[in-house]
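One structure below.
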């Protein structure tokens, strides 16, 4: 008997720099089976908003791409800077929706226990992110 997936993904858009397409994001996240039976909240914000969270929780100044907040082993929250995604995508001449998905995947992988502090961990995370993006038809644009 197949177990029914019990995913709860709530997407909130609090910025106006990039069109956020919740159905596209949810469909992309279906590629990550570890999210079955997971509750996930994703908030897309601008650089000013993510800078506030970055300083408050990590004591870092300025914007970042994504912040991950694990609540439990089956629940977490992401704050994603759509403005940073737009800036990076424009500089690298790539699709901003792919960059949004990259940041979302990156945050989700952190919630699932992946880390990128060592070179080995960094390469492992990038390999997973690259595979996910390529499955969706996006080109990997980061140099490893």
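Each position is counted from 1, following the chain as shown.
Just so it is clear, glycine is given a Cβ too, placed from its N, Cα and C backbone atoms.
Since this is a predicted model, take the numbers as computed values, not measurements.
If you look up TrEMBL, you'll see 106, 110, 116 marked as Zn(2+) binding site. Residue 110 (Zn(2+) binding site) falls within a helical segment according to DSSP.
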Near the Zn(2+) site, what residues other than 106, 110, 116 in the same chain have a C-beta no further than 8 Å from the centroid of the listed C-beta atoms?
66, 68, 107, 109, 114, 115, 125
Suppose we draw a 10 Å sphere around the Cβ of residue 110 (Zn(2+) binding site). How many other Cβ atoms does it contain, all chains included?
19
Find, for the listed binding-site residues 106, 116, the residue with the lowest Cβ contact count at a 10 Å cut-off, counting only other Cβ atoms.
116
